[in-house]
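Trainee: Take a look at what TrEMBL says about it:
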- His208: active site, proton donor (ACT_SITE)
- Glu336: active site, proton acceptor (ACT_SITE)
- Asn106, Arg107, His208, Thr209, Tyr210, Asp274: beta-D-galactose binding site (BINDING)
Amino acid sequence: MSRLKRLAVSKPQELTMSSKISPLLICFFILHLSAAASVRGRKIGIYEIKKGDFSVKITNYGARIISVLLPDKHGRIDDVALGYDTVEEYENDTTSFGALLGRVANRIGGAQFTLNGTLYKLIANDGANTLHGGPEGFSRVVWNVSKYEQDGPYPHITLTYHSADGEEGFPGDVLASVTYALEDPYKLSVVMKAKALNMATPVNLAQHTYWNIGGHNSGDILSNVVQIFASHITPVDEHLIPTGEISPVKNTPYDFLKPREVGSQINELQSGYDINYALDSSAEMKPVAIVHDKKSGRVMDLQASAPGVQFYTANSLIQKGKGGYVYQPHAALCFETQGFPDAVNHPNFPSTIVSPGKAYTHKMLYTFSIMKYWNSY
């Protein structure tokens, strides 16, 4: 199978240090760097990791990515992650912009599961189901910053969170961490880890950035060309709970095995894409997806160690965001690599149970580049 970026007329060009930054973005930097707040007496901060003209900002509130600054084919710097201008807006967020989701990302049907003979009832926050760990989850808590290096050869930040036994109904204590790091050339690494300290428990951490690689305020993503390296999906019922089937994408609107525009078949779906793909590769780091934005020339290539990826096209999004820009449906793409949704209730899905002494690790690697010339796909 050919990969999207190999179809380009020219090789990805080098992203230069002499890129142009707009006055609006400078104001955005100042606003973020001066922001500070607290939740339950715990300080919330903004932390930048930077390598040349590649910059990522993170807040320890929900271990969120709040901005990703990159040049386009003309050298213009844009923020390609949807979000807000202030910490307070993140505290009131209902979209999970940029959040680190847990203890179990995605949905658990009926807000309950049985493990080792015990029935655990969770807090329902999505009708009768549990979504992204519950009403608080890992995205609405303040994480500890254990390591931070803003620049230099290895800019990175590590955040940790201790999830207590019984939190949102889940069994056992869990110590979770995430490390965001910048690597050459234009690579963002995300490494999520977790340890079950005293009881077996489900763990499924996911990163929930809303990407618009044309720029967060550039409109919809329907003309983005996407390739997803998955031949199967896990179909869902009317409540978006997996049925337990693993079905082929061939001859359906879900088939992105060959690169095509997001909007090319989206009208065949009720509102857009929101489905888990079972990735084809069994390698430790699997090819997940490639996205190309024609106007900016930017390409995002994602690899991950997880078995699945939730492809979501922000179908019901209507939200005032950065700079007062109002994000509309299909303003972004999410590629949430993950264990399969509701795996705790489907024995045929890859297990998401983590026991004491068994480490959980989930790695993601985003590689950004420029495709200067557009090809016909």
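Cβ coordinates are placed from backbone N, Cα and C, and glycine is handled just like the others.
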Trainee: In whole Å, note down how far the CA of the residue listed as 'active site, proton donor' lies from the CA of Asn106 (beta-D-galactose binding site).
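Mentor: Computed Cα spacing between Asn106 (beta-D-galactose binding site) and the residue listed as 'active site, proton donor' is 10 Å.
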Trainee: If you measure from the C-alpha of His208 (active site, proton donor), which of the recorded positions Arg107, Asp274, Glu336 fall inside 10 Å?
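Mentor: Close recorded positions: Glu336.
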Trainee: Whole-number answer please: how many Å between the C-alpha atoms of Glu336 (active site, proton acceptor) and Thr209 (beta-D-galactose binding site)?
Mentor: 8
Trainee: Which residues of the same chain, at least 6 positions away in sequence, have a Cβ lying under 8 Å from the Cβ of Thr209 (beta-D-galactose binding site)?
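Mentor: Ile65, Val68, Ala81, Leu82, Phe97, Gly98, Cys334 - these are the non-local Cβ neighbours of Thr209 (beta-D-galactose binding site), listed in sequence order.
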Trainee: Just counting, how many other CB atoms are there within 10 A of the CB of Arg107 (beta-D-galactose binding site)?
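Mentor: Summing over all protein chains shown, Arg107 (beta-D-galactose binding site) has 22 other Cβ atoms within 10 Å.
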Trainee: Relative to the Cβ of Tyr210 (beta-D-galactose binding site), which residues of the same chain, six or more apart in sequence, are found under 8 Å away?
Mentor: Ala81, Leu82, Gly83, Thr95, Phe97, Gly98, Ala314, Leu317, Tyr327, Ala331, Ala332, Leu333, Cys334
Trainee: Hey, what's the Cβ neighbour count for Asn106 (beta-D-galactose binding site) at 10 Å?
Mentor: 27
Trainee: The record lists Asn106, Arg107, His208, Thr209, Tyr210, Asp274 as binding beta-D-galactose. What's the largest Cα to Cα distance among them, in Å, rounded to a whole number?
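Mentor: Taking every pair of listed residues, the largest Cα separation comes to 18 Å.
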